[in-house]
Amino acid sequence: MVMMLKKTVKKGLIGGMSFAKDAGKINWFPGHMAAATRAIRNRLKLSDLVIEVRDARIPLSSANEDLQSQMSAKRRIIALNKKDLANPNVLNKWTRHFESSKQDCIAINAHSRSSVMKLLDLVELKLKEVIAREPTLLVMVVGVPNVGKSALINSIHQIAAARFPVQERLKRATVGPLPGVTQDIAGFKIAHRPSIYVLDSPGVLVPSIPDIETGLKLALSGSVKDSVVGEERIAQYFLAILNIRGTPLHWKYLVEGINEGPHADCIDKPSYNLKDLRHQRTKQPDSSALHYVGDMISEVQRSLYITLSEFDGDTEDENDLECLIEQQFEVLQKALKIPHKASEARLMVSKKFLTLFRTGRLGPFILDDVPETETDHPNSKRVVVL
């Protein structure tokens, strides 16, 4: 399955993506990131501990490889954020994988106070040996764009505010749905005796992403702006993943009318209307909106199940897979209630479909496979990114 997907991506079959030399180079690396990377490197030299925030759905792909050598020389905790959107069984395998490599790792939800408190307890434990001899300690939070650094900083800030109600504190970090919101390095105190400061940093990518699939995973999870790759391409890539993995076949219960299944909670109890799914944790919609979105999500999953179950081709055949994806775009347009003759209908389908994935409405996913072979082991050349 993995080799098939890599082959499909490399040949440019996902959304007609052409990465040939004459096709033009995708610019993953906005200009401000170069200066930000230099600033981060300078702060890392002074930091006593690094919290590297990664997206739990892409534990390996969301690592900034350019900073790994510098971070590996520091006390470091890998925080796999957005655990509520990740498959819990696979996530447990990932945390065990990192721990087996003697790398501290914890899965968190940056919006959960109890989850962040567990992370801070681990930070305190890691700093225990230097707390007695250092009057001031620096903890730096780093990560690629849109992995939830600012949300984590805000939660830490709230905890610090409760500890020190009269201290002078910086404003909370800005949280937005687009990558690259935080563009400056700022910090605030979270403890006395010794003084412990937490430094936030802007999200930065590597200047060049040589692995196309890694780039697509970053785009799918929202770490690369949709406009860089194109929503249609990203949606087609996600459909390829679903089909090759056979995920829609697990949604059979929707066709049979059974109110049970691996993602039943995600379908029967949606929390937001589709328009507001990009802005989670907003006010609750009324019951009619809940039913509308619930029906729409069910119809999306039901449609994908039917198209894949009735598909008589081979998902490992590039042409067959491409035909299946085209068919699924047609049924998704109907399921998402997009007018048949609407201009830019495919773009509208792509945007709504991606929103459902990114907000967990289609169920929990992890896109990266846990390394199993010796060549994928963290001590090998590849795992410089741990």
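Note that Cβ sites are derived from N, Cα and C of the backbone, with glycine treated the same way.
Annotated GTP-binding residues in Swiss-Prot are ASN81, LYS82, LYS83, ASP84, ASN109, ALA110, ASN146, VAL147, GLY148, LYS149, SER150, ALA151, and among GLY203, GLY215 the one listed with them is GLY203. Across the residues of the domain 'CP-type G' (37-207), the predicted structure has a mean pLDDT of 84. Scoring each of the binding-site residues (ASN81, ASN109, ASN146) by how many neighbouring Cβ atoms lie within 10 Å, the top position goes to ASN81. Same-chain residues lying 6+ beyond the ends of the motif 'DARXP motif' (55-59) with a Cβ under 8 Å from its Cβ atoms: 78, 80-83, 85-86, 91, 94, 98, 107, 144, 146-148, 217-218, 221, 223, 365-368. The Cβ of GLY148 (GTP binding site) has VAL53, ASP55, ASN81, LYS82, ALA110 as same-chain neighbours under 8 Å, each 6 or more residues away in sequence. Our reading of the GTP binding annotation (ASN81, LYS82, LYS83, ASP84, ASN109, ALA110, ASN146, VAL147, GLY148, LYS149, SER150, ALA151, GLY203) yields a largest Cα to Cα distance of 21 angstrom. Cβ neighbours within 10 Å of LYS83 (GTP binding site), excluding its own Cβ and spanning all shown chains: 22.
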